[in-house]
Amino acid sequence: MEHIITPKVEHVKLLNKYPEKKSALGTLYLTATHLIYVEQTNNSRAETWVLHHHIMSVEKLPLTAPGCPLLIRCKTFQLLHLLFQKERDCQDVYQSLLHLSQPVKEDELYAFLYTPHQNQEDRRQGWEFISVANDFSRMGLSNEYWEISPLNKNYEICSTYPSILGLPKNASVAVVTGSAKFRSRGRLPVLSYYHKDTKAAICRCSQPLSGLTSRCVEDEQMLQAISQANPNCPFIYVVDTRPKLNAMANRAAGKGYENEDNYSNIRFQFQGIENIHVMRNSLQKLLEVCSMKSPSMSDYLTGLENSGWMRHIKSVMDAGVFLAKAVSEERASVLVHCSDGWDRTAQVCSLACILLDPYYRTIKGLMVLIEKEWISFGHKFSHRCGHLDSDPKEVSPVFTQFLECVWQLSEQFPCVFEFNERYLIEIHNQVYACQYGNFIGNCQKERLDMRLHEKTFSLWPHLLKNQHLYRNPLYRRSLESTVLRPSTLPLHFKFWCGMYNHYDGGMHPKQSVLDQLLSLTQKQVEGERTMTELQRQLAVADGVLPDPSGLISTPTKQDSPCEKTPTAPVVQSNGSCAPLINGDAEEAVPGAEKCNEEEGAES
Amino acid sequence: MELSEHIKTANVEDVTLRRPFHPALRGTLCVTSHHLLFSNRKDEASWQLLILLKNIDAIEKRAVGSSGTITIKCKDLLVLQLEIPGMEECLNIASSIEALSSLESVTEMYPFFYRPSHLTLLGPWGLSTTEQYYKQTERLWDRWRVSKVNSDYSVCPSYPSAVIVPREVDDDKLIRSARFRQGGRFPVLSYCHHSNGMVIMRSSQPLTGANKKRCKEDELLLQAVIDGSELGYIIDLRSAQQAQQARMTGGGFESKSCYRHWKRIHRHHERGKVVQESLIKLVEACSDLSHSVDRWLSKLENSKWLSHVHSALSTAGLVVECVERDGHSVLVHGSEGTDNTLLVSSLAQIILDPASRTVTGFLCLLEREWIQAGHPFQQRCAHSAYSHARLKQECPSFLLLLDCVWQVWRQFPLALEFSEALLLRLAQEVYASNYGTFLCNNEQERCAAGVKENTHCLFQSMLKPDIEEQYLNPLYEPTDLAIWPSVHPQSLQLWTGMFLRWTEYAQNMEEAREEVWSIVKEHRERV
């Protein structure tokens, strides 16, 4: 709170991206959690809410005649160009936002303030709702080849891995621990996905510490054990997702890649996905293209090409397709790694899972997949998303790229995903929002130490509650058993306008097929519900059923207790009080949530 | 020479047919005067592929030992391979295809021989005439009239026999104005906006020449169009510089001093060869199977196809802005007034006029603004993207229109009554058809060749109730509002339905379309 110097500034202009359009005039509020811009004209008011955590950068531009400009760039790809009358106000807001958008300590994050209407039991159930262990059972594990092992329960073998690991049954503890010592940060080869039909597995790890000549018998035995766990194929693929040059450079630093001579029956492959720094710069360039004022078609296409973004997306997709093909067609197990095995490896393994297993194409399945391959396997969300004021070189859109790959697939296969584009965008927003605890911290152990399960809430139940918004009406369950074989020809990759130009409403189709189909199918569902309800009421009236409420009446709608006007922020003495109103996620207000539920019940 | 004399080998057995995303088939190949027929009778159900020879854009021969391979590239972008045993047979087939696919005489073309049992040659041809259009459009009765000054096509060879002009301008003035316009294409009415009576006119360029000639009657004609109102806009589809240069070759533009109430706006549009080459490059880029994203994007950019889509939609938007938002009448022209002029005026109508967004309305619009208005289909669509022949007057203006309409449909998926399938069908028919609709270059030629007496009309057949359903948009919800498409580069996309038509991708999209239909049908049953 102490960071908010001026909670309210009047007569602030919100400049339109297109100079010919009139800019808005309104009032800017700073609250503990949000920046709120309220545009008030005669009869209408428009509110723009920006979560502080969504702010990527704040930049003061040179003073102009009409006022003091402030440019706010968001991690959700929103761009706000504000114009202040007084330089003093601009400076105050600038200072405040610098602090608010980049908290120093974890417990300053929104999730630690946020309390939805849930009791402790709901909270506990919410956290248990998505379980990686259950997913292993779903795959049919443990079985004769694989076991789900508690070996890492104290995070002693690998501090950034989850507490339970899928390991080949015939790998001894000595082999496991020995292999871990030969892998960067102890990230030994473990099971990511087991394909029941072919008995082939996808395993993941980090690069071996092979340097120029080192070898490790246990690690070689570990790969042997993985190979032996698949009776259908005499070899395994070892996929290094990095470009060969990068992998070779690592050898000089005592790391590197597997020497085919030392490992029996492996087929080694490079996949050529670039590192986090290249990806960060590429996104930067892409966003420059997205924010060009009025580019010609050639400017745009040339910019898109020069950003390299689509090339990187394709490289991730290619690697995912390679894995899925190896497993489903060659019935071969695959071991995947990059350097540390928490960025490219996570992308590629999770993408392969989606291609192979229709379960991960459902609303709940995608949650499980993200929980498994990203959260529990230690994708460093805090660092990659820049939740806290930390090294900017650690930030990279690795997870965004994964979501985009899923989107690209959904464009090629419109009927195989249970969810629509909005689900992916909402997950993306939530990853950066830090409103829920799921994406805070860099690995499971860190989260445990932070006691996130006690102090914050889980995102997944919230998404599930709103799943009607995220449904894909074209989803056909009958197609679900198929392995997806997407084309990775360059012309099949599209620019994701819905994500990177999400806030440029004018660019999107003016009518939405999705909304139309959702409303058609929604009416159907509601119609059925009403019919059942009417039948029940008739039955009650006829005395067939006992009357639970005592009266036959339609539920009355209660007045919404949620407030429409942003009020000045309350000075909060500690982190435990409820946040103020929230515009882009209504349920942040306990009252609003209640009123939503009431509406839901009535319809 | 009889057509059959081109056929040296009519039948070949044991031919292997390869198509994208289908297993190879073995069967018999026949060449007839107008078709290539492949049939496979090995399985119990026989399967046939019938291709109009006119649909074939290019063929490539290759000898492999004693047999030969012919690659057939169609104007609808399908590519087929035939493996023919026997080199001589292969060469004979190839030369027959080459000769018969490039017939120039209209009356030898297949529409003159197509006689399906369910269609009759009796009855009126086409959907509507200028007179009927005038009768239906009450707004026109007061200030506009139908002129038959061109009834023998002597005033303007590329105009229909009847045109709509301001009531107060008599036929003599029209004749004089026609002499002052390239190809005699004097300003005629294209569209009258239902809500404010403002009109879109179209013409060719005025022949002012280097000496800045004037034509009183032409000036009066345009004066009569705005009828005392303050202002009209001339949208010249050339850059100001190009319009200046046109004066050197006898063309020109309406100068401010002579047309005082008209404000001229220049918008540069590529035409002719440049656009044809753009299509060729785009199709080439789409068939590039290399895996470099950079190369694809660079080829896509370099083809400039999307830039043409962008310009066409932007200028159409400008016309709509003048008519609807500012309430002024507009005259559109480029040089000849037979390509970009028609493209822009018809796109503007789709954006403005709900009537042109129905299946019937859209086909009527095409009939009025393209067929009757004298877009030279025969010249423009002689070849498509694969041909190696030297370009003459080819230009995919019509395909560009369909692409632009698709872009509008993508942005307003509920506003058009027709579906993408209709656009795809038209894209195919315009290059090779059983029907006479797209034959010849103008009404005069159609009349001379007896097209209306001896061929069937495509549009009429498409509107038959049993056929029409596949062309309907299940989500159609009519709106009276103008539908302004966004022309941000991010908002315009490659028309995958067309350019990736023969890939697996198209099958997934078909599945999605079926699913949309089934949801809508289920919903309708419930309501």
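Cβ atoms here come from the backbone N, Cα and C positions, even for glycine.
The active site, phosphocysteine intermediate annotation in TrEMBL covers A:Cys338. Cβ contacts within 10 Å of A:Cys338 (active site, phosphocysteine intermediate), excluding its own Cβ and spanning all protein chains shown: 28.
For A:Asp340 (substrate binding site), applying a Cβ distance below 8 Å and a minimum sequence separation of six or more within one chain yields A:Ser184, A:Arg185, A:Arg187, A:Ser206, A:Gln207. The substrate binding site feature in TrEMBL is assigned to A:Asn275, A:Ile276, A:Cys338, A:Ser339, A:Asp340, A:Gly341, A:Trp342, A:Asp343, A:Arg344.
The feature domain 'Myotubularin phosphatase' is assigned by TrEMBL to A:126-500.
The region 'Disordered' annotation in TrEMBL covers A:545-603.
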Simplified to three states, DSSP reports A:Arg344 (substrate binding site) as helix
Counting only residues 6+ apart in the same chain, whose Cβ is under 8 Å from the Cβ of A:Trp342 (substrate binding site)? A:Thr160, A:Arg187, A:Ser206, A:Phe377, A:Gly378, A:His379, A:Lys380
Fewest Cβ neighbours within 10 Å, where candidates are the binding-site residues A:Asn275, A:Arg344: A:Asn275
Whole-number Å distance separating the Cα atoms of A:Cys338 (active site, phosphocysteine intermediate) and A:Arg344 (substrate binding site) is 6
Starting from the Cβ centroid of A:Asn275, A:Ile276, A:Cys338, A:Ser339, A:Asp340, A:Gly341, A:Trp342, A:Asp343, A:Arg344, which together make up the recorded substrate site, report each further residue of the same chain whose Cβ lies within 8 Å of that point, ordered by sequence. A:Ser206, A:Thr241, A:Arg242, A:Thr345, A:Val398
